[in-house]
């Protein structure tokens, strides 16, 4: 008996994260990519429904991606705009730099733990309403922030900003996996990393000039204006990407013959809502029956009927991310993400101190120095995204067509040298009063390694456990942001206690040691994934029964 497209032979127990990506011999009976990548197997396997996000036209996918980018940019700018104006805020409010940095530490903590609320709500009832409410709440919090006068009010403001902005941390990655296949996913997660990290470095550029011209309060008012503009754009153009998929969509059991897969009845590269006919050149199999095509009003409805009729799994989805902490690969992805991000937090927490005090930069010049991290972010996104996808396909070809999720981890190699180099140049260079360009260059290097860490850590988690990725990403963010909170809370006393030079020499050695742990996963990662097959299958089955599989 043949299985439907995307089904997995339950008796075979395939290893999660190990997929047959390249059809070297042309014998795999499954949907393939088109154009110059005809030997690439489409993973996950799409359904025959034209409203399956995997089947959307390039134009429809591009609009969805733009909406994700707009949300990331606007909420990201709001979270980082104050970094170049901490000194003026401190002088105006009487709050110390330690108080201000502690507040941003709490914000990062709740950026993570807030995902336990928003991610289940998004997967249960729809991503669109969560995105809209998140950006609207962020706008309101930015309007309140200039009126905080005490440390308690500042911390409360930052906690709420982190809680309501939490979808930026774990939901955007899942929106990417909803509409893109494995062989192209890295490029778009790289784009997300560019916007996430880039927004954090772009915001201080504008903030410094706004503070010089209009005062620091207008930095926050402009963040609110940007969020309002983003809300309007998303309201009219963001489409829901939730899709009820009862299988994980794995098109091949690499342990057995690939012949158990049927071909789909539509061409996913050309299926479009606006087209009257769906190409069927890849198969003559009968089409499944689906509902009428969505109208524009159907697309922008606040809730989709299918999401409202799913079994309620909110409690299970809120608790499973905590259980997933026991999956070594998922925990490592969170650790890798967090240990790369902490240097971004260190950079932001010390930017005003080093550039403002040591080099006497005005707020506008501190902001302008963040152009260097923007260049680093762009390079990192291109390296891990566009080049990264090509490299993993190349490695899959050399591995008999089989892609292992650890293949992408080899891209961490440059970070082994770049992390300690950037931190020493930044901290030790400032302590020794090197030319200001050295510190600005170091900012770009740290931003480059930060972007590499974001993209590769996220991709490793999703590639390893794609069917669980909606909840596994929450686990990753919990680990990452708990680490960010710790460093944000401790960075000021750490530097005051050790001094810039000793603190950053220590940071450089810790950063290099942390990066070296990637080789443990390169060597033993597959074995750890193999040991998780039983538990992975159990949770996939639970989620498939309720239509929650991604």
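Using N, Cα and C of the backbone, Cβ positions are placed for all residues, glycine too.
Note that TrEMBL annotation is computational and uncurated.
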When TrEMBL is consulted, the range among 28-50, 166-188, 189-211 described as transmembrane segment turns out to be 189-211
Which range is transmembrane segment per TrEMBL? Of 130-147, 148-165, it is 130-147
Per TrEMBL, the transmembrane segment among 292-313, 314-335 spans residues 314-335
Among 409-428, 529-548, TrEMBL marks as transmembrane the stretch 409-428
Residues outside the transmembrane segment (434-460) whose C-beta sits under 8 Å from one of its C-beta atoms, at least 6 past its ends, are 173, 185-186, 189-190, 192-194, 196-197, 201, 329, 332-334, 336-337, 339-341, 343-344, 347, 351, 354-355, 359, 361, 369-370, 372-377, 379-381, 383-385, 388, 405-406, 408-409, 411-412, 414-415, 418-419, 421-423, 425-426, 473, 476, 480, 521
